[in-house]
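Here the structure comes first, spelled out in structure tokens, and everything after it is commentary.
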Amino acid sequence: MEGGDHLAHERNKAEFDVNEMKIVWAGSRHAFEVSNRMSRLVASDPVFDKSNRAVMTRKELFKNTLRKSAHAWKLINELRLSDEESVIFKYFMDQPGFLDLHWRMFVPAIKGQGTEEQKQKWLPLANKMQIIGCYAQTELGHGSNVQGLETTATFDPQTDQFILHSPTQTSSKWWPGGLGKVSTHAVVYARLITNGKDHGVHGFIVQLRNLDDHSPLPGITIGDIGVKFGNGAYNSMDNGFLMFDKFCIPRDQMLMRLSKVTREGKYVPSDVPRQLMYGTMVSVRQTIVSNASVAMARAACIATRYSAVRRQFGSQNGGIETQVIDYKTQQNRLFPLLASAYAFRFVGEWLKWLYTDVTQRLEASDFATLPEAHACTAGLKSMTTSATSDGIEECRKLCGGHGYLWCSGLPELFAVYVPACTYEGDNVVLQLQVARFLMKTVAQLSSGKAPAGTTAYMGRAKHLLHCHSSIRKAEDWLNPAMVLEAFEARALRMAVSCANNLSKFENQEQGFSELLADLVEAAIAHCQLIVVSKFIAKLEGDIKGKGVKNQLKNLCYIYALHLIHKHLGDFLSTNTITPEQASLANNQLRSLYSQLRPNAVALVDAFDYTDHYLGSVLGRYDGNVYPKLFEEALKDPFNDSVVPDGYHEYIRPFIKQHLRSARL
Amino acid sequence: MEGIDHLADERNKAEFDVDEMKIVWAGSRHAFEVSDRIARLVATDPVFEKSDRARLSRKELFKSTLKKCAHAWKRIIELRLTEEEAGRLRFFVDQPAFVDLHWGMFVPAIKGQGTEEQQEKWLSLANKMQIIGCYAQTELGHGSNVQGLETTATFDPKTDEFVIHSPTQTSSKWWPGGLGKVSTHAVVYARLITDGKDYGVHGFIVQLRSLEDHSPLPNIIVGDIGTKMGNGAYNSMDNGFLMFDQVRIPRDQMLMRLAKVTREGKYVPSDVPKQLMYGTMVYVRQTIVADASNALSRAVCIATRYSAVRRQFGAQNGGIETQVIDYKTQQNRLFPLLASAYAFRFVGEWLKWLYTDVTARLQASDFSTLPEAHACTAGLKSLTTTATADGIEECRKLCGGHGYLWCSGLPELFAVYVPACTYEGDNIVLQLQVARFLMKTVSQLGSGKAPVGTTAYMARAQHLLQCRSGVQKAEDWLNPAVVVEAFEARALRMAVACAKNLSKFENQEQGFSELLAELVEAAIAHCQLIVVSKFIAKLEQDIGGKGVKKQLNNLCYIYALHILHKHLGDFLSTNSITPKQASLANDQLRSLYSQVRPNAVALVDAFNYTDHYLNSVLGRYDGNVYPKLFEEAWKDPLNDSVVPDGYQEYIRPLIKQQLRTARL
């Protein structure tokens, strides 16, 4: 059956131009071509094989990661890949490793927080990887609350050095990727103390290991924090711990762009606006949102193809069974995830624009839009990563029993993905930041200060608090203005209701803490509105290719209407829509599922993922699932012998009934 | 700090008698004592050590599992443990293995489906474990739809044998636990064919391996299906595949209690009522619900203790930070799970009663309550396992970054638990069975046939379709009659709405298939009502011990009101309650959280789990989390050396800029 496309009949059903959709998904023809070329380059290189990851021990897996990293860097140089290409190349390698932290955290930290002089000294070393760096912020006892870090960096004016010290066990750095076994350097965050005064947390460049024999420098204890979630997954990364015992570094290794310590030990803030730091945050979170769409798309691709292969029940008179993708229960769970993948893709695209916009404004010292941009990226990071990790697990369940096999690709994808809910801001903490911003915006509504950007709709509070949805028939739910108004009214009403409840408390902070759960819900409502409105905005753009726009439209309204159904309590309790209108939305949703159904496989083909990248027997492009499941099983070292190791000691004594006298 | 109880403060806050709560949780003083004694027996035996599971290779893990099983059996014999005690011992050993299938599926299948003669012959062998058996039903291409199995058992009248055969690759048995490497025998399900006629799926006892050297018998191909989700977890089990190439077994190895094949090849159904089989199903599902409460309580125990240990934000003037358990966002996610663990415990207890009742009726040939009992256990299995799987992952997230470490215990608990959503009936398929039963019940409402058992409330349709909730203030939500009525009205109205929508279709089956998603929601509403009403019924019993009843009361209403909040759309769209009443329910919920807060740690202590059973550094009884995290980290083989294996080949060439010439 090799070579045959078991999903050809599905692909023939598609009512749109898949190649054009690939361009839309990638963002541009250029982006598509780079991505396509890089993914094939990785897929065709045997060093990057990843199918054996689950059967390796941790040490083997780690060594294999080192090999892949070195090989990748070698190829990047040999092929003279551009920055863009090498980022995508590393992405398709798809194995968490120290390179991620070096390029995405260590280098940007120096770029963002180092002075010109510091950048000149450190970046050439880092760019050639003569030093390998990581980002040592979180501690054993301290995560999201950066201001609570305990590590100290005390300035010693006598030697012109900072003394880095871990005063307690809970102050050990804990979690930084690449720290445990590989990094020679780190940007370490510590409380700056000079002249006996604590100036809060600052970054320092610290050498951790000897560049000749890789041994940790005296005064530094370092190691790996142990096994993490899942097989394979993040176990290829040496997340580490790090303790300092009065370890000295020169004064000029404090990152001094925002503030410096003078030779005399005086703390001097620079005139660089602190807000610049938020620009970096916006950039990092934008990347996370776009990664969310990739991960969700990958899971949806596997589940969709397998749902078209798998058959169950419904056979008439011993005939062929029904494809599980034809069941409404399956569509009802799967298609909203497919729609979410596209929705997150487009909101991620918009975030890229936002980042450009913010950067330009920052350069012109215009900080007006920053709080809104910051809240909006925080909220979208939280919402998309939560939805994606839940979505991956849902896709696994949608694959039935076989989804539980490692070779389905979904257990490892889930294990690799879930930390996104915690890193770069815990998702609940982030929504609370959004909520605070919303409460502030609501409070200022009457002050004449017009809300900006994604909160602009709040300027129409008077209308939105009183409007009634004019939906009368199911098709009205395909009207962008009506859908947007429903989401706007719901979000605004929830925010206003929180603000009203808050005002009942004498102490605002106590009220905030009492109402945390409601505030999170209001923040989520606001973020969902953003995603829906950016998807609708995308549809208003120029979209080429036969049938492409129509497919995107279906996905957009599936995304919006499934949210209405899922959060129906919000919409009804705020009187945004009536139960009858909700029921019409459900009818429309069912009709959209039917329209999507023949296009489902083509819509996941549009992600253009190689079988290598998917890493899933169930999600294979050719749908040849069952024979390949067998092949995978037979490869397990456990099947080397039919009689298992341990038979003589532990099974035979049962059967022969001499367990009593057996020495176990 | 060894020996200090870091959670003593929390324990002193408790307002109830924890020892009495332990009895309530266990079900009886006797059950508590057995469980307590056996848990400690396992915990103190070094052979049952499990903290190294994640660091073992699959082969090592499997061998250690064989050792544990042999050792456990030896202890059971030496200590002359009763059946109840032996069951508890296997439970606390807490490592999935072939013995689970031997005792949980193979032996019961023979008991339930074998004739007296067959039982006499096979059970004596199985009970002494002279043969080891498994349950070979699912196939590579066939899961939930048992009637779709492809394996055939064709009677050959010439030799008086059945010929067992796997006609296609998809007909290979696939998944049965214990099959891959250990089982000598299996109950194999295959289509019975005699006289050229297919009589559907029946069970056969088949010997798979030689009892002398354990090699598979001729024409039998057997092996392991490969790595499964997570590290450790179900990888200790040899889930297997099995193919038959015309394997012959004697006729008397067909399980013949329900139907037999005569020497001449005539198929003769016996007069044993088929309904008896449902009794077994009720039993198995009751066990699954009890296991759900165990797994959920285990996760909640870890998350609650760690939430009391972990501090974050909220420090005033450099003082100590706030315990995360004090945040409403944490309580809002954690306490409903704590309440669910108790709720599932009590509904499981009630299911035990139901099983006794059903068995007694079956013996008296009273089958009238069977359909209701069957639907209700199917629904509860689905509801509790789904909520538990999601709840474990939520608990992991509630532990922040450290929950992602294997040694938190939660990744493995999740990986071990999730198959419960699929085995013994896929959770969605089961809810559809419930929905079918509800639709039938609704359609018969006018017929004078009174609905029984958990559907009895439907007889009050006239009232429930019209009634309005009398809730006027938050405290009204603690009134059992008011709460139950709201759940009854919601469940009934959803079922009736589905029935109405169904009636609009000309073809009932097509309507059913179109409305699958709504039907599932109606079924879930019905099942949630059952859980709430059984919890309330529990509170009406005599419950001793200072403050115990008060705590259970709080948990009961937390369970009910959080469901109400989560499914608010249902309650509002059916007009069962008003938005105002919903808001009062939220106020009440917040007040209940405050009341549970000081008792939270004691409420998880009441589960009486040993640290061995929990196997979680974060959930340790003494709360001494941070030093123990370090101890665990040091044990990782990756920390055997400070310079990792692979440094010379793959790191040094990077740093020394010799990658170009390096051979990778």
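Glycine is treated like the rest: Cβ placed from N, Cα and C.
Copied from TrEMBL, the annotated features are:
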- B:GLU424: active site, proton acceptor (ACT_SITE)
- B:THR138, B:GLY177: FAD binding site (BINDING)
- B:17-132: domain 'Acyl-coenzyme A oxidase N-terminal' (DOMAIN)
- B:134-235: domain 'Acyl-CoA oxidase/dehydrogenase middle' (DOMAIN)
- B:278-439: domain 'Acyl-CoA oxidase C-alpha1' (DOMAIN)
- B:479-656: domain 'Acyl-CoA oxidase C-terminal' (DOMAIN)
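Long-range Cβ proximity for B:THR138 (FAD binding site), meaning a same-chain Cβ under 8 A and a gap of 6 or more residues, is found for B:LYS173, B:TRP174, B:TRP175, B:PRO176. Cβ neighbour count within 10 Å across all protein chains ranks B:GLY177 highest among the recorded positions B:GLY177, B:GLU424. Here the domain 'Acyl-CoA oxidase C-terminal' (B:479-656) has a mean pLDDT of 96 out of 100. B:GLU424 (active site, proton acceptor) is 13 Å away from B:GLY177 (FAD binding site) when you measure Cα to Cα. Residues of the domain 'Acyl-coenzyme A oxidase N-terminal' (B:17-132) grouped by DSSP class, helix first, strand second and coil last, total 90 helix, 0 strand, 26 coil. Across the domain 'Acyl-CoA oxidase/dehydrogenase middle' (B:134-235), DSSP helix (H, G, I), strand (E, B) and coil residues number 6 helix, 46 strand, 50 coil.
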